[in-house]
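Trainee: Dropping the structure in here first, questions after.
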Amino acid sequence: MAKTRLTVDTNDLASRITRAPFPGSAKIYIEGSRPDIRVPFREVTLTDTMVHEGAGEPRREANPPLRLYDASGVYTDPASPIDITRGLPPLRGAWINERADTEALPGISSAYGRERLNDPALAALRMAHAPVPRRAKAGANVSQMHYARKGIITPEMEYIAVRENLVRAQLAERLATERMPKKGHSFNASIPEQITAEFVRDEVARGRAVIPNNINHPESEPMIIGRNFLIKVNANIGNSAVTSSIEEEVDKLVWSIRWGADTVMDLSTGENIHETREWILRNSPVPIGTVPIYQALEKVNGKAEDLTWEIFRDTLIEQAEQGVDYFTIHAGVRLAYVPLTANRLTGIVSRGGSIMAKWCLSHHKESFLYERFDEICEIMKAYDVCFSLGDGLRPGSIADANDEAQFAELHTLGELTQIAWKHDVQVMIEGPGHVPLQLVKENVDKQLEACFEAPFYTLGPLITDISPGYDHISSAMGAANIGWYGTAMLCYVTPKEHLGLPNRDDVKQGLIAYKIAAHAGDLAKGYPGAQMWDNAVSKARFEFRWEDQFRLAIDPDTAMAYHDETLPKENAKVAHFCSMCGPKFCSMKISQEVREFARLNPASTTLAAPGVIAIKQIDSGFEEKAKEFREGGSEIYS
């Protein structure tokens, strides 16, 4: 086992971080009702369309810039100074303080946290400026759901409304010149034409959406997860007992949000988990999730049977005081459900699920996560940590999909959701897994019913098991479908799934696949404004605005690199063809010529029937072109 260095190379860390804005893009901010609500977007500048009208110089027609949702934080803003050793500025600090329902603690509450703090050997691993943890005042509930149910619109809710409403804000100005969006099918979702702060509040109050914003993670930019909002994507990072370092994990965090991760889960299972998580949280503008049972297991040297409620409780408090925004807790794995997995092809594949199943069998007792669930809720609402109720019995192969064990646990998760909501604690529900395409929709339908429309958060699902090395592709297919049916957040899968710990490039590949899947789901639902991005790409493609195509691509770097592999010269970026078809066979160039012919020969475009050019005029055009061909020497290529 590789030992982690007991130091952090801050120079190496700073040099790893990618800070450059995307090509042709700038970070802009839209202000809300108060100066400290500044919502970031990526604005893509587009070049003019050249309109040819005869022999003279072409007329320029401006293309307005396109604004895109941006979760990359200040890392893509060259105007914002960043000091990784100090972390990001506390964006939400003033909002938390002005509510006057939290208090700074005199010190760290968890025994393990104090032990780490007092170990001089770890001094060089710790951040130099760790913030003082906060907790709700006695008797207070500081969850966003609690505020929402009291009718309070928080700054976080307004921030989210501006963020989610962006595409709608651009819609009116573009509809005059763009194709109308294709009609979507939302499967009875309640997606409004305009997102308001009141709509955000109402969705959170109903439990149909969550705002994962721990009071001890003031650096985070508010975001929302719910099926009536844009589909979100989560990326998993974290060290293992075999490999990785703090520098690597912080770099993977920043790399993940650059490529579109809306939340990040730290699934570290190696050394110095506490310190690694602190560096990640302090430098993260997106919500951070964890699976606390992983660290609790490390505290008992990997022996599941030695876990206790006291150790788990201390771990929850430790992580909540660091600022973790949501916990995956496998409280639905009950003793009675474990035998239901006996005849499965792949048994229990969830790490957290298998840990709790082993504990239940070792003690022949009900899980302490289930029996102590009310006590867990008390901790969650004191810090505003959101539940991500884990699917510990999810299928690990399509042979096991939608079986009795999976759905038994799902109904228990619905029961636990109701308990959490009595405490005004936010909840989302985790889902599979491995599910063949024809069974995907059943998962969403059953989850919406069993869990009262709490947001669904799924790992894929993979729709086939034959794709090791390409699981990001097979799972993105399932993700696009399950997102369309109503899943609120998709957990990415990388090419290394089932094979090894993902590296930097694997993280990017997984995220690109899943951002495409999420966008496809938004399009299919008919999410207002989602098609604007597609229209902008298509218009640039038809007009051979190559630079704009690269800028608008979900991965500009790769789009440009692929183009330049065969046509590297700068003049190729204004050419009306690419290396796929060449100058003679480009369908879009030919289509432009047909359009120009129709413009110059209006008499030749009289319609004999709707959408059909009169046959005589077509024949005339053919004869003219045939004559040109013969006079040109009858050569196919000149």
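Cβ atoms are placed via backbone N, Cα and C, with glycine included.
Okay, so Swiss-Prot annotates it like this:
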type	residues	note
BINDING	ASN236, MET265, TYR294, HIS330, SER350, ARG351, GLY352, ASP391, GLY392, LEU393, ARG394, GLU430, TYR457	substrate binding site
BINDING	HIS434, HIS498	Zn(2+) binding site
BINDING	CYS578, CYS581, CYS586	[4Fe-4S] cluster binding site
Trainee: Rank the binding-site residues TYR294, TYR457 by how many other Cβ atoms lie within 10 Å of each Cβ and give me the one with the fewest.
Mentor: TYR294
Trainee: Taking the Cα of HIS434 (Zn(2+) binding site) as the centre, which of the binding-site residues listed as TYR294, SER350, GLY352, GLY392, ARG394, TYR457 lie within 10 Å of it?
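Mentor: Those close enough are ARG394.
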Trainee: Grab the substrate binding residues from the record (ASN236, MET265, TYR294, HIS330, SER350, ARG351, GLY352, ASP391, GLY392, LEU393, ARG394, GLU430, TYR457) and give me their largest CA-CA distance in Å.
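Mentor: Between the outermost Cα atoms of ASN236, MET265, TYR294, HIS330, SER350, ARG351, GLY352, ASP391, GLY392, LEU393, ARG394, GLU430, TYR457, the distance is 20 Å.
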Trainee: Note down the number of other Cβ atoms within 10 Å of the Cβ of SER350 (substrate binding site), including every protein chain shown.
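Mentor: Its Cβ has 25 other Cβ atoms within 10 Å.
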Trainee: At the level of the C-alpha atoms, what whole-angstrom distance separates ARG394 (substrate binding site) and HIS498 (Zn(2+) binding site)?
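Mentor: Distance between the two Cα atoms comes out at 15 Å.
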Trainee: What whole-number Å value do you get for the CA-CA distance of GLY352 (substrate binding site) and HIS498 (Zn(2+) binding site)?
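Mentor: Cα-Cα, rounded: 16 Å.
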Trainee: Of all the binding-site residues given, HIS434, HIS498, which has the fewest Cβ neighbours within 10 Å once its own Cβ is left out?
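Mentor: Among the binding-site residues HIS434, HIS498, the sparsest Cβ neighbourhood within 10 Å belongs to HIS498.
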Trainee: Other Cβ atoms within 10 Å is the metric here; tell me which of the binding-site residues GLY352, GLY392 scores highest.
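Mentor: Of GLY352, GLY392, the one with the most crowded Cβ is GLY392.
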Trainee: Do me a favour and check the Cα-Cα span between HIS498 (Zn(2+) binding site) and SER350 (substrate binding site); whole Å is fine.
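Mentor: The separation of the Cα atoms works out to 12 Å.
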Trainee: In three-state terms from DSSP, label HIS434 (Zn(2+) binding site) for me.
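Mentor: Going by the DSSP assignment, HIS434 (Zn(2+) binding site) falls within a strand, counted as strand.
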Trainee: What does DSSP assign TYR294 (substrate binding site), in three states?
Mentor: helix
Trainee: Including all protein chains displayed, how many Cβ atoms other than that of ARG394 (substrate binding site) lie within 10 Å of its Cβ?
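Mentor: ARG394 (substrate binding site) is surrounded by 27 other Cβ atoms within 10 Å.
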Trainee: May I ask which residues of the same chain, at least 6 positions away in sequence, place their Cβ under 8 angstroms from the Cβ of ASN236 (substrate binding site)?
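Mentor: Set apart from ASN236 (substrate binding site) by at least 6 residues yet with Cβ under 8 Å, we have VAL264, MET265, LEU267, CYS491, TYR492, PRO502.
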